[in-house]
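Annotation comment: TrEMBL describes 4-332 as domain 'Acyltransferase 3'. Positions annotated as transmembrane segment by TrEMBL: 7-26, 46-65, 77-102, 132-151, 163-180, 186-204, 220-236, 248-271, 283-303, 318-339.
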Amino acid sequence: MYLNSLNYFRGISIILIVFGHCLGLADFSYNSVLGNTIHNLTLGGTSFFVFISGFLFHHIFYAKFQYRLFLIKKTKYVLLPYLILSTLPIAYLLLRICIAGISSSSSITKRYNELFSFPIFRHYLTGVDKNFIGYWYIPFILIIFLLSPLFIRFIKLNFKTQILITILLLICSIFMHRGIESNAFSVFQNVLFFTPIYLLGILSSEKKDVIYIKFKEKEFYILGLALTLAIYQAYIGELGNYHKSPFIYGGMDLMIIQKLLLCLFFMLFLNRIENYKLRFFEIIATNSFGIFFIHGIVIYLLGRIKMEIDFSFTPNSFILYFIVASIVFLFSLMVTFIVKRIFPKYSRYLIGS
């Protein structure tokens, strides 16, 4: 059964992800409790995508699951766009070498050094790049997809065992935190960190009718808890996502708890409009992966323009931050439309949409 509410959730998630990544571009500083709270609410949107992926895994794929076909689909529409777009920085370095060679520029040695110092293996393994933000999500979610047979076995367990496994893994995530992006092994730490969120997505699909009944008209209490937690994080000076090596104690990751509360809130709240057609969110949800792959490139290009003209925005202006983030989002959506128009049969291989 097609769920409008989950589709709308996917649309909201990509909006929050893009807005979270635009904080630096908009020079939005965090020198107040309000600013820090906005910071903590907008960052960490990856958890929404992971929750939705787990939900859809049970809702769509579980009943007629075929591992080979599942992986083929993910390879074509997730891995291939990632490989193509992740190659752009390397292609750019090669282009600069060609230009320097043609013009007999003395900078050709510098360009070669840039290429040879480029961490190609870590670049593709972790998705971490100083140019394109957000690509780190792809390597770890692909490993999650590879582990699908384990999740099939998880679904077949009795409910008490499912809950026990999920709680134990969630406790591990709370104290382990996300991996340090510069570490080549961070992708595997992120797999473990996000697995309980994926499992909670599966359980939410499996028990959605019970959840809708038990928590009916209680979603704003859950939202209140999430907001309180975000304010508390801001008050104690905790900003954004938590990153560290896995075996070093760094306190509790409050962000993962906050995001899980928001996942439950959106699931319940959007169920109220399940039978409504919201064209705006349908368009965004349909193009969400294209926006995801494109927005990092847009942020990079706008950042380079800012740097070249030595421009900066007024710090800590929420209005400017909202305008900048909206421009990035709409431009990413427009580029997605253009790619789909030019390559109607191949756009999913290029940008995932």
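Along the chain as shown, residues are numbered 1 onward.
Backbone N, Cα and C define each Cβ position, glycine as well.
Values in this document were obtained by computation on a predicted structure and should not be read as measured data.
In this chain, the transmembrane segment (7-26) lies in contact with the transmembrane segment (283-303); the count of Cβ pairs under 8 Å, excluding pairs fewer than 6 apart in sequence, is at least 3. Here the transmembrane segment (132-151) lies next to the transmembrane segment (77-102) in space: the count of CB pairs under 8 Å, restricted to residues six or more apart, reaches at least 3. Among residues of the same chain six or more beyond the transmembrane segment (248-271), those with a C-beta under 8 A of the stretch's C-beta atoms are 5-6, 8-9, 12, 40-41, 43-45, 47-48, 51, 170, 173-178, 193, 197, 200-201, 204, 208, 211-212, 215-216, 218-220, 222-223, 225-226, 229-230, 232-233, 238, 240-242. Counting residues 6+ beyond its ends, the transmembrane segment (46-65) has Cβ neighbours under 8 Å at 1, 3, 6, 9-10, 12-14, 16-17, 137, 141, 144, 148, 151-152, 155, 194, 197-202, 204-206, 256, 259-260, 262-263, 266 in the same chain.
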